[in-house]
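Worksheet for the structure shown next.
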Amino acid sequence: MSENDVEKKVADRYLKREILGEGTYGVVYKAIDTKTGHTVAIKKIRLGRQKEGVNFTALREIKLLKELKDPNIIELIHAFPHKGNLHLVFEFMETDLEAVIRDPNIFLSPGDIKSYFQMTLKGLAVCHNKWVLHRDMKPNNLLIGSNGQLKLADFGLARIFGSPGRKFTHQVFARWYRAPELLFGAKQYGASVDVWAAGCIFAELLNRRPFLQGDSDIDQLGKIFQKLGTPTPLLWHDLEWLPDFVEYSSQITQPWRKLCPTASDDALDLLSKMFTYDPRTRISVQQALEHRYFTSIPLPTDPAKLPRPAPKRESHNPRTSDLNNGPVVLSPKRKARRVMSDREGFDGNSFQVDKVDERGGEIRWAAGDNSGRNEPVLMSVDFSVFGSKPVSRPTINSADRSHLKRKLDFEFQHPE
Amino acid sequence: MAANFWNSSHCKQLFDQEEVDVVHPLDKDKGITLEDFKLIKMHMAIPICKLAQQVKVRQRVVATAVTYMRRLYTRKSMSEYDPRLVAPTCLYLASKAEESTVQARLIVYCIKKMYSDDKYRYEIKDILEMEMKILEALNYYLVVFHPYRSLPQFLQDAGMNDISMTQLTWGLVNDTYKMDLILIHPPHLIALACIYTASVYREKDKTAWFEELRVDMNVHDVPSVEASFVYLTALSFWQDLVKNIAMEILDFYESHRLITDERINTAFNKLKP
């Protein structure tokens, strides 16, 4: 068997479904693993663009996920090359914590919050035990599976922090989750940066809105100090020696009770320890997990019973049948949307392409708002020419075509 | 230091000497003997090292690259995976995995500068293709632990952290990558074996320190239950193990003197299609 045949055989193990998201280093598909029958998410990593082989971020992710096997960390099931691209097969995750927090129909009980947050810390503890910093902790990197299990994902910024004194970049984390030492330009830091971010996630779970929403690095520090008070050298010894240290006008600490009105005393105590300014005295993830908050009443909810956004519509959705009768456009989705914009079926179901965050390295594979109305397609069938998800039945009859042509002509005459 | 080694993929992938010393059937057909096999692997560490100096990466990257290459040849043949391409590609991959990325362009440029020989004429495309094949052959396991990390602590603990001893042991550790030790033994034992060898070489009696260390490690360093079995086994044979590794290192130096260029060329010539 030639090499290509072997490749094709591996690739054909997966039945490709719709696109879940797109990012700078590739596309994420939903797929069925025919060997196990499980639904998986496949990240296709584009190669060759910059002639730099396997994308550096992707390689980091592969390297670390191969070491981190845990129920609270996303599983890298398989990796394989196909047609010059590297494909990473992950377990399929239904949703993410951001969707849970943002969903106005979801009520989170104190036990629910405890459960989600405990799983977050458990996953993080596994990373830190293996000397891995995640460096991109935020609600939409915390994926949630169909059994309610929360798992850490997106290790594209993660690193091993074993050797002491090694310098790292401070340009990590989405700004709202960035620890003050990073905002002050610290190049040597440790696990405590993840703890700060976890604290932000905890507060966000409690308040149901992002805790510290700065719109620049300077403003971020301002927002932090406004809520938690301006740190003094007494509280944080090395503060003034940080590379980008600037003095802020002194503000007083607000009481935690006021910042998170719904939280229990135990929760507030844990929060205050996670938001300790001096990274060296900030609570560790392990200590946080041992905090009395997790053993006091109410106990963490069983993950399977946790509230999650309403399940996505499946392919037997009645609405999809009438949609299949209509014309389907084999053109870039940008155009497809324009031509079809009056069709109800396309509106809510347009592919969820996540907003690329400030570093632009983001791709999602938690289920978007896709109804899986496509027939399964073999992995080896390449749809990249369409720049869109596989379209199973491009039934364009002649009547539709003339209609389309008129529309397209129209666009030609009025280029944007 | 040890706590994360014992549950790493590196630890789980340690081989027995007999598993490493298997010449791939395809190579055997070409008349490659076990001795040739070892010689070629040893020799290919040299271009990796030279190339690393050119592109300015840390010793750690070299060590990881050599480890990738040695792991690759426990599974794949030299006939299908030409060592002359595998060596620079391993360095390229290791530079990324160790967070000191070197551009493929620079590697290709440096190879061309270093060798006028046509056998080394590889383009970027070849390196990138090989990168993918190596990744697959390594089953995407990229984290490697090295003896370097524990070396300074051990030396300090033994009171041998003067410049001359540090340089000697560091050099010995570098040389262990000319052997398959990194595939077979836990890295901190290799570090200790190098210290042991160095102390014998400089005629420093460190028996007492090695005794003490054994007790120390017994108390503090026992990790998870699963790993502690491995660990305790290692512990009971601990001194023997370190001594055996040290013996292997000395044996290597002994035989290394007898290797001639001609011998290496003969081995490489057998690989020709």
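Cβ coordinates are placed from backbone N, Cα and C, and glycine is handled just like the others.
What TrEMBL says about this protein:
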ACT_SITE  A:ASP136  active site, proton acceptor
BINDING   A:LEU20, A:GLY21, A:GLU22, A:GLY23, A:THR24, A:TYR25, A:GLY26, A:VAL27, A:VAL28, A:LYS43, A:LYS44  ATP binding site
DOMAIN    A:14-294  domain 'Protein kinase'
REGION    A:300-329  region 'Disordered'
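Sequence features annotated in TrEMBL and their locations in the structure.
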{"residue": "A:LEU20", "record": "ATP binding site", "Cβ neighbours (10 Å)": "27"}
{"residue": "A:GLU22", "record": "ATP binding site", "Cβ neighbours (10 Å)": "19"}
{"residue": "A:GLY26", "record": "ATP binding site", "Cβ neighbours (10 Å)": "21"}
{"residue": "A:VAL28", "record": "ATP binding site", "Cβ neighbours (10 Å)": "22"}
{"residue": "A:LYS44", "record": "ATP binding site", "Cβ neighbours (10 Å)": "23"}
{"residue": "A:ASP136", "record": "active site, proton acceptor", "Cβ neighbours (10 Å)": "23"}
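A:GLU22 (ATP binding site) and A:ASP136 (active site, proton acceptor) are 18 Å apart (CA-CA, integer value). A:GLU22 (ATP binding site) carries a strand DSSP state (E or B). DSSP assigns A:ASP136 (active site, proton acceptor) to coil in the three-state reduction, outside any helix or strand. Confidence annotation: the domain 'Protein kinase' (A:14-294) carries a mean pLDDT of 90 in the model.
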